[in-house]
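Quick look at what TrEMBL lists:
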type	residues	note
DOMAIN	138-229	domain 'CAAX prenyl protease 2/Lysostaphin resistance protein A-like'
TRANSMEM	36-57	transmembrane segment
TRANSMEM	63-86	transmembrane segment
TRANSMEM	107-129	transmembrane segment
TRANSMEM	135-156	transmembrane segment
TRANSMEM	168-187	transmembrane segment
TRANSMEM	193-213	transmembrane segment
TRANSMEM	225-241	transmembrane segment
TRANSMEM	269-288	transmembrane segment
Amino acid sequence: MSRTSLPGTQRLKGLFSQTPTPLVPTRRVLSRGVRLVLMAVLFLVVIALAAGVRSIAGHQPVLAVLAGAVVVVGSLAAYAAVVRALEQRAVSELDLARAVPELRTGGAVGVGLFTVTLTLIAVFGTYGSGSGGSIGGMLAVLGMMAGVAVTEELLFRGVVFRLVEELTGTRIALALSAVLFGALHLVNEGATVWGALAIGIEGGLLTAAAYAATRSLWMPIGIHWGWNFASAGIFGTAVSGDDTTPVGLVRGVFSGPSAITGGDFGPEAGIFSVLVCSVATFLFLRTARRRGRLYDRGHFRAARGAVGTESTTS
């Protein structure tokens, strides 16, 4: 069957086309505040549905990978469709031409950051491996974490950070999106207030800074997936206090102070995770500043005025 005979595939690719979307005169673009609420609610529902799909797949490797693929494609398509409908623009933050290189780089960054963190934990505490790990478990984690990374980044960076930034500027958006990202993880079984705060600092700020530096969602998605996959899929440690994650390639075993190991929440609640990710966050923010991508509120007011002028003269 030729590619031209797959209209569904072509329609899906069309959602991510970077060709400028002409404004529809009869359709009013909703205010940023309204869009923020509508899209946040929508993607909270998407996250809940994705969790349901993952629970159906369970820890079976093939089903978990298939479920992850369904969640990834469905969530990306939903985001692109909603942005096109509500904002009447090309979805530049999901440019498919940038997907592979930025996912590859982001994934490597995520794996690298976690590996450095675990090395420090092993030096100042104790890390070992127990029985129960498998390649099948690693594949199940791969599929599961792909879906988690995509849905959470679409909500917290694609919706919350991006639209709050347009309302308040980059700095407030960084702080607010990080706090909300950490708060979401309080629902996990082994969650603690410190763990949620730590993950807001290390994960929320890091991925928001990566988005600010690149203005692309592929980089934070890659970092998020790489970190989680390394944590659970390769080294077999707890992720954000979630005890439903499959055992990966090995089962990690820690001993030592919880301030170092993170305790039941996992390494993300340890001080080394915060320190290592804070360094990476600083580097991304420095890159964003060098590229002129740290904005104040006035930047978006000026951009909105320019678009309005262009639309009235065209």
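Backbone N, Cα and C define each Cβ position, glycine as well.
Note: TrEMBL annotation is automatic and uncurated.
Listed by sequence, the residues of this chain that lie at least six past the ends of the transmembrane segment (193-213) yet keep a Cβ under 8 A from its Cβ atoms are 93, 106, 153, 156-157, 161-162, 170, 173-174, 177-183, 185-186, 219-220, 223-224, 227, 240-241, 262, 265-266, 268-270, 273-274, 276-278, 280-281, 284-285, 287-288, 291, 293-294. The average pLDDT computed for the domain 'CAAX prenyl protease 2/Lysostaphin resistance protein A-like' (138-229) is 95. Counting Cβ pairs closer than 8 Å to the transmembrane segment (269-288), the top stretch among 36-57, 63-86, 107-129, 135-156, 225-241 is 107-129.
Shown for the domain 'CAAX prenyl protease 2/Lysostaphin resistance protein A-like' (138-229): DSSP residue counts in helix, strand and coil, namely 83 helix, 1 strand, 8 coil. For the transmembrane segment (135-156), the neighbouring stretch richest in Cβ pairs under 8 Å, chosen from 63-86, 107-129, 168-187, is 63-86. Non-local neighbours of the transmembrane segment (63-86) in the same chain are 12, 15-16, 21, 29-30, 35, 38-39, 42-43, 46, 50, 53-54, 56-57, 94, 139-147, 150-151, 154, 158, 246; each lies 6+ residues outside the stretch with a CB under 8 Å from one of its CB atoms. Long-range contacts of the transmembrane segment (168-187) within the same chain: residues 152, 156-157, 160-162, 193, 195-201, 203-205, 208-209, 212, 240-241, 288, 293-297, 299, each at least 6 residues beyond the stretch ends and with a Cβ under 8 Å from a Cβ of the stretch.
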